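What follows is a single structure, and I will ask about it in a moment.
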Amino acid sequence: MRLSVLLPLPLGPLSYLAPEGCARAPAPGLRVAVPFRKGVRVGVVVGVEDAAEGDFALRHAIGYLDEEPFLDEAGIAFLGRAAAHYFTPAGQLLADLVPFLEPPLRHEVRLVDGAARPDLTGLTLWRDAAELDPALLDELREGGVLEERVREQKPTRKTLVPLREPTEKLTPKQQAALETLRALGEAESQTALAAAAGVGPGVVRALVEKGYAGWREVELELAPPAPAGPALEPLPVPEPPPRINGGRWAERLQLAAGLASEGETLVLFPERYVLERAYDRWPPPALPFHGGQSPELRRALWREKPPVVLGSYQALLMPRRWRRIVVMDEGSDSYKLASGSRAHAVHLAELRAELLGAELYYLSLTPAVEVVEKPGLLVRPPRTRVLPIDLRRERGWPLSGRAVELLAQVPEKGRQALVLVARRGYSGRLFCKSCDWQPICPNCDLPLRFHKPGRRGRLVCHQCGHSEPAPEVCPACGGEVFGYSGPGVQWVAEEIQRRLPELPVYQYSAERKDDLTPLQRGEPGAVVGTTALLRTPAPPELALILLPYAEGFLPASDFRAPERYHRLLWQLADLHPTRSPLIALQTFEPDHPAVEALIEGDVTGVPETELVLRRMLGYPPAVRMVVLEFSHRQEATARAAAMDAAEFLQKRLGDYLETAPFAPLLGPAPAPVPRIRGRYVFHLILRAPEPDLLRDWLSDLPPPKGARLRLDPDPVGFVGLLED
Ligand SMILES: [Zn+2]
Ligand SMILES: [Zn+2]
C-alpha cells in the first residue's frame, strides 16, 4: 500500500510505502513515523492507495502511533480546503493548528534475521535508534536489512513502591516505613515516605538500598485544573440567530453556555486569558484547550469527548463532529495567526462548520464589520458614562486640568483609576525643537522611542530591540532642546506622580509589570498601562478610566482602525463586572463616531457604517485582499522583485484591470514599516470581489528573483502600530 503522509512542515503530502511487516491496515488520520531527511518525523496519513508500479523506489514508513485516527476525515478535508484558501501547503496548516502533533518517540531498530553484516553483530537485538548514526540507519534502510519499531513515549513520573518481602529481620522503624508504603501503595519521594511514616530519611534509604522498596516509572495522568469560580447559569435562547451582541461579559458567557447546552459544541476564544477566565465560570463538564497547556497535556486531551470544549484555534482540528461552533469576540485581532500560514481562526471556524454541517454563532459585545449584516439579537449593552475632554480647548499636556481634577478625586473617595496609553516607554517620539530632526532605527526605518531611565534616557526600537543613549545635542543642527510627542506609559505615569504626589501610581506594559496586588485588594491608586492591562482583572474599586490621548488608538493608515477603536472603547465599558466607571477621553476628535456610539449606548451603528464605507471603497469584506511582501537586505533587490511581479500581474490581469469595480492591483510601495530588522520590504496588494480570481493570479506568479516573497492573506493590521 502507498500512503500519502502530511508532515507538520511547509510541504504538501509525501508518498511512502506502508510500514513493513506491520499487521494493521493503514487508515487515513493515523499518525505515522516516517524517515525524513536524516531523521524520523511524525506525520498524519491523509490518503491510502494501492501501490503502483515504480513505487518500489519509495521508502517505507516506520510505524503507526495510534489505535484510533488522530484526525478524522472531515478534518483532513478541512486541511486541504483551508490550505487552498491561504495559498499555503497543507503541512503548514497542520503545523500551525497542531504544533503538538509530534510526541517524543521510543524508536528501536535491529537487523532483520539473516542479514549478513558481520561488522554490526551488536544490532541483532533491539537497540535504541538514538544511539546509532543516522547515516548508517539510512544505509541499512536502503539496503532493506533494518527492522524498526516505534511508539509514542508517554510522559512518566517516578514513584517509590514496595518491591518484595523482607528476607531478614528489619528494625521496628524500617518495618513501620515499609508498612506505611504498603498501605499508601506509593510515595512520591523518600522524604515524603519518611514524613508519612514518622521516621528519619535514613530509614527509608536503608529500605531502598536493601531492595525492599524501589523506583518505578508510571504514566503521568494529565488533567487541566478544575474551574476556580462558581459556575454560571446557562441562558438558553430559543431559535438563536447567528449573531448575538451587547450584554456584559458574564451575561455573554451565560448565553454561550446556553448555546452549548445541547452538547457537541466548540466555543472558540481569541486569547488564552479570556478562555481561562471563561473556563473558571463555565458550568461543568467542559474542557479547556489552548496553546498555554503543555504539549503532553494537549495530546492527552485531544481524544477526550466532553460535551463542550473551550478552545483556542488549536482545538479546531480535534476529531469531533461538532453540532455547534460558537465564536467569541469574532472581531479580535488575536484570531489572526502571526506567522506560518497567517490564517484567520474565525474564517477557519467558518470553514470547519461548513464542512461539518454545524451551526455557527458569533457572540460579542460589538459585532465585527464582517458579520454585522447577519440576523442578530441585541442584549442591553453595559451602561456607559463618558466624558470627552476636547484637547483643542483644554490646556495641559499630557494631562489636562480636567484630567488632573478627576485623578485627584480617586484617592479622596478610596477609589481606583486605570489610565490607558497606546505606547510604552517615555514618549512615542523625540524630536529636535529647532530643526525637527528625529532619531530613526538603523535597522528598521522606524522612529526610535524615548525611554527615560537615568538622566539622559535611551532610544529604543520597539520592533527589533536596538537601543542607544539619547543624544545630548541634535546630531543635525546641534540644537540642545528636544520635544516629546505621543505620550507613552512612563511619561504619563511620571506626570501623574508629579501632579499628585500622594497618589500610588503603578505601571503595566510588556516591558514593565508592577505588582498590582494592592489594587486588587482594593487599595486606592492609579495604574498606567498599555492594552496589556485589559488582560488583567479589573481593580474592584475602579471608578475612572482615562485615555490621555485617545487618537493614539486610531492610526490613520489602517482601514480597520475605526472599527478597532470602537471595539476598544466598548471593551473599557465592559471592563468591570458590575460597575460603570467614568470613561474620560482626552481627544482632538470628541465627536468621532466611535465616541458618540459609546455615549449613546450603540454597539452596532459603527460597524454598520463601516460596512457601507468599505463597500464603497473596496475594502474587505466587499473584496478579498492579499498582501505580497517582497523583502531583501538590498533595497534595490526587494524593489525590483516587487516591480517584476507588478508587471507580470498587469499583463496577467489584462482586461480585468478595466472592468474591475476596484483597482485590483495596488503598489508596489514601500511597506508602512519600510525596513524591518535590516530587511527592506515592499508591498503589492491584490484585491478582488471574487476570491477565486486571486487564486488564479497567484498560482501563475513566477517566484521572485533574489528577494523573499511572503503572502499575507486577509491582512488585519500593520505590525508595530499598537503596542502592548
Ligand atoms: Zn536639530
Ligand atoms: Zn529596529
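Just so you know, glycine gets a Cβ as well, placed from its N, Cα and C.
Straight out of TrEMBL:
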- CYS432, CYS435, CYS474, CYS477: Zn(2+) 1 binding site (BINDING)
- CYS441, CYS444, CYS461, CYS464: Zn(2+) 2 binding site (BINDING)
- 5-99: domain 'Primosomal protein N' 3' DNA-binding' (DOMAIN)
- 441-469: domain 'PriA DNA helicase Cys-rich region (CRR)' (DOMAIN)
- 623-715: domain 'Primosomal protein N C-terminal' (DOMAIN)
Around the Zn(2+) 2 site recorded as CYS441, CYS444, CYS461, CYS464, what other same-chain residues have a C-beta within 8 angstroms of the site's C-beta center?
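Near the Zn(2+) 2 site, the remaining chain residues are PRO442, ASN443, ASP445, LEU446, LEU448, HIS462, GLN463, GLY465, HIS466, ILE676, ARG677.
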Under 8 Å between C-beta atoms and at least six residues away from its ends: which parts of the chain pack against the domain 'PriA DNA helicase Cys-rich region (CRR)' (441-469)?
423-430, 484, 488, 490-491, 494, 673-678, 719-720, 723
Which binding-site residues of CYS441, CYS444, CYS464 contact ligand 1 in the sense of C-beta under 6 Å?
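Correct list: empty, so none.
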CYS474 (Zn(2+) 1 binding site) to CYS461 (Zn(2+) 2 binding site): how many Å between their Cα atoms?
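Computed Cα spacing between CYS474 (Zn(2+) 1 binding site) and CYS461 (Zn(2+) 2 binding site) is 19 Å.
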Report the binding-site residues (CYS435, CYS441, CYS444, CYS461, CYS464, CYS477) that meet this criterion: Cβ distance to the nearest atom of ligand 2 under 6 Å. Use sequence order and write none if nothing qualifies.
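Cβ under 6 Å from ligand 2: CYS441, CYS444, CYS461, CYS464.
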Here the binding-site residues are CYS435, CYS464, CYS474; which one has the lowest number of other Cβ atoms no more than 10 Å from its Cβ?
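The binding-site residues CYS435, CYS464, CYS474 were compared, and CYS435 has the fewest Cβ atoms within 10 Å.
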Look at the binding-site residues CYS441, CYS444, CYS461, CYS477 and tell me which residue has the greatest number of other C-beta atoms within 10 angstroms of its C-beta.
CYS441
Restricting the comparison to the binding-site residues CYS441, CYS444, CYS461, which residue's C-alpha is spatially nearest the C-alpha of CYS477 (Zn(2+) 1 binding site)?
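Out of the listed candidates, the nearest Cα belongs to CYS441.
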Long-range same-chain neighbours of CYS432 (Zn(2+) 1 binding site), Cβ under 8 Å, sequence gap at least 6?
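Looking at Cβ-Cβ distances below 8 Å from CYS432 (Zn(2+) 1 binding site), excluding near sequence neighbours, one finds GLN438, CYS474, ALA476, CYS477, GLY479, VAL481, PHE482, GLY483.
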Do me a favour and check the Cα-Cα span between CYS444 (Zn(2+) 2 binding site) and CYS435 (Zn(2+) 1 binding site); whole Å is fine.
22
As a test of reading the model: what is the averaged pLDDT for the domain 'Primosomal protein N C-terminal' (623-715)?
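Mean per-residue confidence for the domain 'Primosomal protein N C-terminal' (623-715): 92 out of 100.
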Quick one: which residues besides CYS432, CYS435, CYS474, CYS477 have a Cβ within 8 Å of the Zn(2+) 1 site's Cβ centroid, in sequence order?
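Counting only non-site residues, the set is LYS433, SER434, ASP436, TRP437, PRO475, ALA476, GLY478, GLY479.
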Using DSSP, what's the helix, strand and coil tally for the domain 'Primosomal protein N' 3' DNA-binding' (5-99)?
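Within the domain 'Primosomal protein N' 3' DNA-binding' (5-99) the tally stands at 24 helix, 26 strand, 45 coil.
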What does the DSSP secondary structure composition of the domain 'PriA DNA helicase Cys-rich region (CRR)' (441-469) look like, as residue counts for helix, strand and coil?
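When I sort the residues of the domain 'PriA DNA helicase Cys-rich region (CRR)' (441-469) into the three classes, I find 0 helix, 10 strand, 19 coil.
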Please count the residues of the domain 'Primosomal protein N C-terminal' (623-715) that DSSP assigns to helix (H, G, I), strand (E, B) and coil.
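Split into helix, strand and coil, the domain 'Primosomal protein N C-terminal' (623-715) gives 33 helix, 37 strand, 23 coil.
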